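S.K.: One structure coming up, written as structure tokens, with questions to follow.
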Amino acid sequence: MSLNTGFPETDLSVTGIDFLKRQNCQQHHTDAYNIKNLVVRRGYPFQLELTFNRELRPTDKLSLRFSLGENPMKIRGTLMSLNPMLQPDFGGWKVSIVKNSGTQCLLSVISSPWAPVGKYTLNVKTGSNIYKPEMSDIYLLFNPWCEDDVVYMADEAQRNEYVLNDTGYIYVGSAYNIYNRPWNFGQFEEYVLDACMYLMDKSGLKPGSRRDPVLVSRAMSALVNANDDNGVVLGNWSGNYSNGTSPMDWIGSVAILQQYYKTKKPVSYGQCWVFAGVLTTVMRCLGIPSRCVSNFNSAHDTDENLRVDVYLNEVGEKLTSMSLDSVWNFHVWNDVWMRRLDLPTGFGGWQAIDATPQEQSQGLFQCGPCSVKAVKEGDVYLPFDGKFVYAEVNADKVYWIVKKVNGKNKFTRISTETEGIGVKISTKAVGEDRREDITSQYKFPEGSIEERESMEKALSFIRPSGMVPRARFASVNSTDERPLSHQILPPEPVPKTGVHLEITNKAPLHPGNPLELAITVKTSTPGKWTINLVGSCQLQSYTGKVEASLGYVKETVELEGGSETQIPLKIGADTYMKTLASAEDEVLVHVTAIAEVQGTEDKLTKEITMPFEYPPITVQMPETAKLNEEFTCAFIFKNKLNVPLDNCKLLVEGLGIFKMTAFDQGDVQPGRIIKSEVICTPTRLGEKKMVAKLTSTQLKGISAEKKITIIN
């Protein structure tokens, strides 16, 4: 006898889903993303509230289906079907019922800490019904807060800096004068997360590979440059930026990534700090801790011999056309944080990646991730690109003088510098607006036993076997054949005279003023010494390319042991202002001095690169402002130089306050003050920064920033 309860049996169906975005995003540290969808991190629980047409019963069939990519399959880990009644655990994902009352059911879902990262589509199956919610896409990111995730970072202050901070600095200039360039990373801004997901799709990484930060960061280092794959930014070092934006004019990654996502075409133009800034944004956006790293006197060693040859003419001017290798005043790349399950134990932590297209790796312009610890210890055989990164921070610099003898070039080695490459490696400090020197993370102290052992180990992997040193190789080189780059040079004789050179500027290097420089020659050994000195001044770009030769001094000085003399080197403003105005890039003042002591083998070179100095921009605004209430921000600049500044342009941006805006200011005469005002309406709480940049024909970028706290 069948029991008739009088209630018709209705199929269970879902009538709505609440993604509980506010509470989930707060718990997952994703509440800053400017996106309507739910953004969560893998390995952490999130809750969903389902509403049914009737009460959920133990006999009902219910499954949540999370799918990733075009053709999701359970076997590939791209289709998760979770049934809280029958199979609460699938592929490392878990689902459980937290509360079931009336027609509402609260579920808790935990994704696997090793799940592929990407945009998942959620639908709910009840019996034969499938419910597709309106905002069905859920973004799943790497999780530095989760101990089981390979990108786990234990320190909260570091997570706040390397994952959540959307502003920062990129360090530029030269080793003798480092300054910061404020940069807006803006990983939470509109369309930036979608741009990163588009890059993940474009990367060609199989869904299973998207779980591994090693493969993801390598793919992104290739995609942030436009070489090979129509990636984000097109590099340009030509000095001609007429059909794009000059690399000097960017103040952040947001406008670049938004333009790229909208057009799907490379954005023009970038140089190393732009690539590094954009790559930091992409990594932080995906949840991989990342920082910009600036290496000063960075070697670009084209033939992997750990040697950079610098050729000078008889007055000490650098001959860039002869050199295949180069030394950049600075080069910016990135470090990303992860455990390396693919390497022997101990090589986790910071890994170097580089999006600047310099050399191909496995057929593409990509670089890293390369364990920073492996670089320090000389273990350059480990993947990826260890030899290249090792050379950037450790190459030796060999100086040659090139003289014409009987119509042929004669090369004479004058000195080798073993400590000049890879100095003052810099990044922004954690939680503070200051530079942190991280050189010791990349290399042992110069001259230490560990440093020598690391170098010998690295050389054993870099040098082709069977190469033999040739005695007194440099001095017998009288033909026009260059010294073979892979030949091992004999050690230099120890100087007997204790000659020492110093190069200084006696007055600030303001454009429009004469460059007042001086070369000081010192000796520390008793005796009388006659010294032939040449010193030259050139303008060069940050990549070491000579833009103009400005003049030189040539003198013979006599010194007695323990004394010094100073030789002035003065360059008139009219000698260099034309080059300064015609160069599209920022140029630096480069001085080289060579001293040769008569009657001895003692030869010495010294070079220094110094940026020009500019008047500041002042930012005026309140210290606090209220959410959604207007306030005024003023930018003031006085031209304290004694030359007019043509085509002045002011670029300003404040994340969460207003989008990047440009003001054309025309020509600004000496002594004139310009002032621009912006009416701002803040849309996000917390500490925010205003960043301003002024460019003109004569000066390529003065930056300023100011903080403001947005309150309720």
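Backbone N, Cα and C atoms are what each Cβ position is placed from, and that goes for glycine too.
Whatever TrEMBL says is automated annotation, not expert-curated.
Taken from TrEMBL, the feature domain 'Transglutaminase-like' applies to 264-357. Sequence annotations record features per position, and here TrEMBL assigns active site to CYS272, HIS331, ASP354. According to TrEMBL, the feature Ca(2+) binding site maps to ASN394, ASP396, GLU446, GLU451.
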S.K.: Using Cα coordinates, what distance in whole Å links ASN394 (Ca(2+) binding site) and CYS272 (active site)?
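M.R.: Cα-Cα distance, ASN394 (Ca(2+) binding site) to CYS272 (active site): 19 Å.
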S.K.: With an 8 Å cut-off on Cβ distance to the ASN394, ASP396, GLU446, GLU451 Cβ center, who else from the chain surrounds the Ca(2+) site?
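M.R.: The surrounding set, listed in chain order, is THR418, GLU419, ILE421, GLY422, LYS443, MET455.
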S.K.: Rounded to a whole angstrom, what is the C-alpha distance between HIS331 (active site) and GLU446 (Ca(2+) binding site)?
M.R.: 20
S.K.: If you count the C-beta atoms lying within 10 Å of each candidate's C-beta, which of the recorded positions ASP354, ASP396 ends up with the smallest number?
M.R.: ASP396
S.K.: Roughly how many Å lie between the Cα atoms of GLU451 (Ca(2+) binding site) and ASP354 (active site), rounded to a whole value?
M.R.: 24
S.K.: Hey, what's the Cβ neighbour count for ASN394 (Ca(2+) binding site) at 10 Å?
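M.R.: Neighbour count, Cβ to Cβ under the 10 Å cut-off: 25.
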S.K.: Can you count helix, strand and coil residues in the domain 'Transglutaminase-like' (264-357) using DSSP?
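M.R.: Residue counts for the domain 'Transglutaminase-like' (264-357) by secondary structure: 18 helix, 40 strand, 36 coil.
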S.K.: Between the binding-site residues GLU446, GLU451, where is the Cβ count within 10 Å the lowest?
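M.R.: Each of the binding-site residues GLU446, GLU451 was scored; lowest Cβ tally within 10 Å is GLU446.
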S.K.: What's the CA-CA gap between GLU446 (Ca(2+) binding site) and ASP354 (active site) in angstrom, rounded?
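M.R.: Rounded to a whole number, the Cα-Cα distance is 25 Å.
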S.K.: Under 8 Å between C-beta atoms and at least six apart in sequence, can you list the same-chain neighbours of CYS272 (active site), or say none if there are none?
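M.R.: When sequence neighbours closer than 6 are ignored, CYS272 (active site) has TRP328, PHE330, HIS331, VAL332, TRP333, THR356 within Cβ distance under 8 Å.
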S.K.: Over all shown protein chains, what is the count of other CB atoms within 10 A of the CB belonging to HIS331 (active site)?
M.R.: 26
S.K.: Cα distance, ASP396 (Ca(2+) binding site) to ASP354 (active site), nearest Å?
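M.R.: Each residue's Cα considered, ASP354 (active site) and ASP396 (Ca(2+) binding site) end up 22 Å apart.
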